[in-house]
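Undergrad: Annotation source Swiss-Prot lists signal peptide at 1-19, citing sequence analysis. Look at Swiss-Prot and you will find 124-322 tagged as domain 'Peptidase M12A', backed by sequence analysis. The disulfide bond feature in Swiss-Prot is assigned to Cys165-Cys321, Cys191-Cys211, Cys325-Cys345, Cys347-Cys356, Cys366-Cys388, Cys415-Cys436, Cys531-Cys551, Cys537-Cys560, Cys541-Cys565. According to Swiss-Prot, the Zn(2+) binding site annotation covers His219, His223, His229, on the basis of sequence analysis. If you look up Swiss-Prot, you'll see Glu220 marked as active site, on the strength of sequence analysis. The domain 'EGF-like' annotation in Swiss-Prot covers 317-357. Feature annotation from Swiss-Prot assigns N-linked glycosylation site to Asn322; the stated evidence is experimental evidence. According to Swiss-Prot, the feature domain 'CUB' maps to 366-469. Under the heading region 'Disordered', Swiss-Prot lists 479-526. Summarising the annotation, Swiss-Prot assigns domain 'TSP type-1' to 525-566 and lists sequence analysis as the type of evidence.
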Amino acid sequence: MVSYWPVLIVLCLLPICHAKSYFADFVNGKGPFKQADALKFMDKMTILNKLQADILGIPQPDEFSALDFEDKIESKPDEIPYLFEGDMVLTDEQMDLIIKNVRDQYWARKSSTNEFLYAIRGKRSMTSFLSERWSFPVPYYIDTSSGVNTNAVLAGVAKWEQETCARFTRLNSYSSSSRQNALRFISGNGCYSNIGKVSRFPQDVSIGWGCTSLGTVCHEIGHALGFYHEQARYDRDDYVSILTQNIQDMYLSQFTKQSASSMVDYGVGYDYGSVMHYDQAAFSSTGGNTIATRDPNFQATIGQRVAPSFADVKRINFAYCNSTCSNYLDCQNGGYINPNDCNNCKCPPGFGGQLCDVAGTNSNGCGAGDITATSSIQTISASGALTCNYVIKAPVGAKVYFQMTAATFSRYSPCTTNYLEINYGRDFSRVGARFCASYPTISLSETNTLVVIYKGVNGARFSLNYRYDPVTFSTSAPTTTSTTTTTAPITVPTVSPTTTTTRQTTTTARTSTTTTTTQAPPTTTTSTSQCASWSACSAQCGGCGTQSRRCGTYVETVYCNTNPCTGGYCCRPFFYVTSFGTGYCRRPGADTPAAPQRYVEQRKG
């Protein structure tokens, strides 16, 4: 076992002993553990850290550093280095089980067969042990003598009661010897909580300095109700990558995965927008990201601490409230019967109505929320301090093509106060991709439904083009005769390596004229005598294709055929704009075609 007494001696020789020392408080029993339990817990954290290093295939980490603890807690009070995953107080039994599970993961990686068997056991994010679930109402006591922010605690409790069937009852007095399950809210060193109900005694939930936002209080209460962190789910590798090069090696244990058997999900998938998700730079040693989302469009979505997400609430309701309503409603789009109102469905963001089958209520100035996509480009836009919900429907069998053509938001990560959320996936119960500092790198929904949510403040705005895809999709009913009818696609003449752009302009005399210009691909410093001819463009319109040519040891490529496709659409990096009634494809930040991209051709053999 590792001894921490030498660390304490060094700590007390430093000037930090004359100020507040979180580490000294912790190992001296002034934190969430008694002194002996604190030292035992840190020994097990060291074991866990080394196991995690083995799993990740990196050198064995250094021992814990007390000085690092002080800076970390001051800057991020929900990332306490000597607690599991930064803010979780575990019992001895829970810690032993996690170490066992991490050992299982290590050996599973040694065998693809074992890894497969381990993987199919389930996808979970909440404690599966029924003994750790609460009975309602949950008694709680606010220890004002500790300096805890009473209003912050009450707001967090009220939020969970508003969204779920969970109920709490406030106690007027508290005894440390009371043999009663209860939550005691204190102002400790940082933010922390146990996982679920852990004993027949009151358990502490610390809402310390820097922990008083509604989302953070809800996060800690979420742990007490049984939540693990979202990025600790067994299936997290399908959704995020852990960037170990940016994690200080002594914090590797903060990125462990739970086993499938220790958590239960209730069919609610991985949610990037969960209030239980780490932010992108959690436990960073470099200031760089430690978590990268597999779909880069969700990078600015992870780590919000505003409020529980729809999926967070859904898990709690499924865990605790399934027997609340006896009636049946055909809830749509990921909605479910509201345990606080059994006559209506609880709807995911963007949706409303009794059955979640229409767009949610819009603020004045948003326009209609339920929209039907056609084969022609249409536009939605909004600006200012509004919340707008748009549900764009394409015909069944088609998809929704979209392009965000303009956006002005506060550039923060994660996107929390103002952003455009685009849910292009299949499961609308999970938060969509949020954009406040970037544009989407995707332009097609997975189904025939696209959900767009604008959350604005003064000065914010957005504009988004949409249509259904493909533009040749037939919306007519299929024929019942034995004759087979085939609709020929629209024929577009093959275009040579030179491209022609036609724009309509208006003179001062209000007469319309048409100007046609022909432009060859941009030239480079390489003599054209050294280059072969340009290849045919790989697509016929919309800047969707490229053409290439060989110039000595280089190959040059350039976008081509940037005239809009039928129905008015363009491929990335172009977007469709109109000028005086004529549409064309424009590349952001440029009014001329891009110079060819060059690379050295890799020859085989």
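Using the three backbone atoms N, Cα and C, a Cβ is placed for every residue, glycine included.
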Undergrad: Quick check on the disulfide-bonded residues: of Cys347, Cys537, Cys551, whose CB has the lowest count of neighbouring CB atoms inside 10 Å?
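TA: Selected from the disulfide-bonded residues Cys347, Cys537, Cys551 on minimum Cβ neighbours within 10 Å: Cys551.
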Undergrad: Reduce the DSSP letter at Cys436 (disulfide bond) to three states and note it down.
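TA: For Cys436 (disulfide bond) - judged by DSSP and reduced to three states - the answer is coil.
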Undergrad: Specify the secondary structure state of Glu220 (active site) as given by DSSP, simplified to three classes.
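TA: Looking at the DSSP assignment, Glu220 (active site) belongs to a helix.
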Undergrad: List, in sequence order, the same-chain residues at least six positions removed whose CB sits under 8 Å from that of Cys366 (disulfide bond)?
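TA: Ala382, Leu386, Thr387, Cys388, Asn389, Tyr390, Tyr454 - these are the non-local Cβ neighbours of Cys366 (disulfide bond), listed in sequence order.
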Undergrad: Select the closest residue to His229 (Zn(2+) binding site) from the following disulfide-bonded residues, measuring between CA atoms: Cys165, Cys211, Cys347.
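TA: The smallest Cα gap between His229 (Zn(2+) binding site) and any of the disulfide-bonded residues is with Cys211.
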Undergrad: What other residues of this chain sit with their CB within 8 A of the center of the CB atoms of His219, His223, His229, the recorded Zn(2+) site?
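TA: So the additional residues around the site are Glu85, Asp87, Met88, Ser193, Glu220, Gly222, Phe227, Tyr228, Val275, Met276.
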Undergrad: Given the recorded positions His219, Glu220, His223, find the one whose Cα is closest in space to the Cα of Cys541 (disulfide bond).
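TA: Out of the listed candidates, the nearest Cα belongs to His219.
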Undergrad: Report the member of Cys165, Cys211, Cys321, Cys560, Cys565 (the disulfide-bonded residues) whose C-beta atom has the most other C-beta atoms within 10 angstroms.
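TA: It comes out as Cys560.
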Undergrad: With DSSP as the reference, give the number of residues of the domain 'CUB' (366-469) in helix, strand and coil.
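TA: Taking each residue of the domain 'CUB' (366-469) in turn, the totals are 0 helix, 51 strand, 53 coil.
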Undergrad: What is the one among the disulfide-bonded residues Cys191, Cys325, Cys345, Cys356, Cys388 whose Cβ has the most other Cβ atoms less than or equal to 10 Å away?
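TA: Of Cys191, Cys325, Cys345, Cys356, Cys388, the one with the most crowded Cβ is Cys191.
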Undergrad: Cα of His219 (Zn(2+) binding site) to Cα of Cys165 (disulfide bond): how many Å, rounded?
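TA: Roughly 17 Å, rounded to the nearest whole number.
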Undergrad: When the pLDDT values for the domain 'EGF-like' (317-357) are averaged, what is the result?
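TA: Taking every residue in the domain 'EGF-like' (317-357) and averaging pLDDT yields 95.
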Undergrad: Cα of the residue listed as 'N-linked glycosylation site' to Cα of Cys537 (disulfide bond): how many Å, rounded?
TA: 58
Undergrad: Rounded to a whole number, how many Å is the Cα of Cys345 (disulfide bond) away from the Cα of Cys356 (disulfide bond)?
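TA: For Cys345 (disulfide bond) versus Cys356 (disulfide bond), the Cα atoms are 7 Å apart.
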